[in-house]
Amino acid sequence: MDLSISSPFRGAFPAPTSTFILNPKSRCSHSLNFFKHQNSYSKNPFFSRQKIPIRAQVSDPAVDDGFVIDDVPHLTDFLPDLPSYPNPLQNSQAYAIVKQTFVRPEDVVAQKIVVQKDSSRGVHFRRAGPREKVYFKSEEVRACIVTCGGLCPGINTVIREIVCGLNYMYGVDDILGIQGGYRGFYSKNTSTLTPKVVNDIHKRGGTFLLTSRGGHDTQKIVDNIQDRGINQVYIIGGDGTQRGASRIYEEVEKRGLKVAVAGIPKTIDNDIAVIDKSFGFDTAVEEAQRAINAAHVEVESVENGIGIVKLMGRYSGFIAMFATLASRDVDCCLIPESPFYLEGKGGLFEFIEERLKENGHIVIVAAEGAGQEYLAQSMQGIDEKDASGNRLLLDVGLWLTQNIKDHFTKERKMAINMKYIDPTYMIRAIPSNASDNIYCTLLAQSALHGAMAGYTGFTVGPVNSRHAYIPISNVTETQNTVKLTDRMWARLLASTNQPSFLNCDESTGGKVCKDTIDLINNMKITSI
């Protein structure tokens with residue numbers, strides 16, 4: 001790469017030379033952070049922290065491959081004279097045989113990997129992992145861990161691996177547990193966490209540190225962090241919790257405190273944007289099979305058996321969709337993203353009657369957020385919210401059960417056997433399975449490597465199977481939802497052979513009409 005100024009990364013990226021554009025949506029005040037030298041964040045003029053694109057000199061001025069870095073903050077952005085130290089991992093026996101112990105400064109992870117020949121390279125995130133230099137001495141670290149929001153399989157594994165990782169890899173002994181969510185910072189005592197204390201907590205469900213919703217008071221929380229001398233904060237929670245983490249980082253920066261704030265995204269519904277999936281999701285899908293299997297056994301053992309299983313999924317139907325695909329015993333899956341209707345041609349009642357005539361039974365899986373607009377029209381809606389600001393949902397399972405029962409017994413004069421199963425709290429309260437345990441370990445270690453390296457105001461997660469550091473705003477601005485226009489939903493429809501409940505245009509071979517597609521693409525499922 002023929003750069004017009006001196007660079008330690010000469011030739012780091014393949015020819016032709018690239019145009020590097022920093023994402024203007026990033027909340028970082030140091031857009032050029034990506035190119036900072038691992039030994040110095042201020043001495044080389046190439047590593048300016050101003051919000052301007054970095055453009056390499058190219059032979060053809062028209063060449064612009066759209067390489068975008070969506071970077072995360074670093075402590076040196078507001079503490080420029082902060083000293084760095086050699087990473088203790090260079091003396092670790094565990095890493096002695098590793099070919100490349102430390103992540104290279106120029107390593108990034110692409111958000112989009114399916115591209116066309118002439119398409120731009122798109123958005124990239126900084127790759128997660130240990131750095132050659134750290135900005136904390138092990139004996140000076142006082143870390144804390146807090147868990148917020150609802151329960152999810154794997155929380156205790158994340159707690160355990162943060163504690164063990166800090167201690168075993170970096171020699172950190174001073175780690176505090178904040179009890180009871182955000183309000184625990186200013187209303188409860190802390191507990192001391194050691195590898196011995198957390199040794200077997202991964203075998204239990206729930207959270208070892210207790211949790212709560214709401215209670216976020218930025219000023220009180222940062223006051224407490226400052227008073228206790230805490231300099232690393234690990235926050236485990238969903239999108240609302242991560243928004244709180246972002247406000248904590250902003251206040252820390254405003255006060256000029258040497259405090260690294262790292263988020264670990266948690267949601268059993270898999271509705272966190274950008275990352276491949278959230279921890280606990282695999283466990284939830286696996287455990288949901290038990291409820292579906294039970295429903296199937298019940299309904300195939302009676303005449304005209306109708307089984308309804310309600311699964312988690314307030315705004316995203318991933319658990320219901322994946323559990324249906326995994327089961328093969330489900331006849332119909334209802335999710336928040338896909339509207340449905342009961343009566344008339346192509347409606348749910350018609351489909352149920354057809355399946356009863358064909359098979360003698362039917363199993364329906366419904367995400368808890370499915371059909372809420374429909375329910376609100378036929379039931380007295382409640383405009384209430386929980387402490388996290390989430391709108392309280394009407395019970396779609398009980399509503400479906402009652403409406404199906406009334407339709408077939410009163411209108412169709414058919415004898416049916418209804419079975420309703422709601423395993424919601426059983427699923428979210430169990431320990432994580434093997435897959436999620438491994439995933440939680442990677443998340444925890446990525447977070448602590450980032451904090452030790454001086455990064456702050458970030459969250460961690462896999463992007464196309466490679467762990468990355470992501471600006472918190474990226475995972476809080478929008479929710480991850482099932483895309484009805486993608487192939488995965490089509491695979492489910494092909495598997496269950498259920499109706500799509502969408503208007504089709506016979507003149508185009510049964511394709512969904514354009515107006516309906518536009519409506520789906522523009523549909524937003526609000527969380528408030």
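The backbone N, Cα and C atoms fix where each Cβ goes, glycine too.
The structure displayed is predicted, hence computed values, not measured ones.
What TrEMBL annotates here:
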- ASP269: active site, proton acceptor (ACT_SITE)
- GLY150, ARG213, GLY214, GLY238, ASP239, GLY240, THR241: ATP binding site (BINDING)
- ASP239: Mg(2+) binding site (BINDING)
- THR267, ILE268, ASP269, MET312, GLY313, ARG314, GLU368, TYR425, MET426, ILE427, ARG428: substrate binding site (BINDING)
- 143-449: domain 'Phosphofructokinase' (DOMAIN)
- GLY240: site 'Important for substrate specificity' (SITE)
The largest Cα to Cα distance in Å among the residues GLY150, ARG213, GLY214, GLY238, ASP239, GLY240, THR241, listed in the record as binding ATP, is 12
List only the single closest residue to GLY238 (ATP binding site), chosen from the recorded positions THR267, ASP269, GLY313, MET426, ARG428 by CA-CA distance. THR267
Give the residue from the recorded positions ASP239, ASP269, GLU368 that has the most other Cβ atoms within 10 Å of its Cβ, counting over every protein chain displayed. ASP269
Can you tell which of GLY214, GLY238, GLY240 has the most other C-beta atoms within 10 Å, given these are the binding-site residues? GLY238
Cα-to-Cα gap, GLY313 (substrate binding site) vs ASP239 (ATP binding site), nearest whole Å: 14
List nothing but the largest Cα to Cα distance in Å, as a whole number, among the residues THR267, ILE268, ASP269, MET312, GLY313, ARG314, GLU368, TYR425, MET426, ILE427, ARG428 that the record says bind substrate. 17
Model confidence for the domain 'Phosphofructokinase' (143-449), as mean pLDDT, reads 94
Of the binding-site residues ARG213, ASP239, GLY240, THR241, which one sits closest to THR267 (substrate binding site) when you measure Cα to Cα? ASP239
In all the protein chains shown, the tally of other Cβ atoms within 10 Å of the Cβ of MET426 (substrate binding site) is 14
Within 10 Å, the Cβ with the most other Cβ atoms among the binding-site residues GLY150, GLY313 is that of GLY313
I'd like to confirm something. Which of the recorded positions, ASP269, MET426, ARG428, has a Cα closest to the Cα of THR241 (ATP binding site)? ASP269
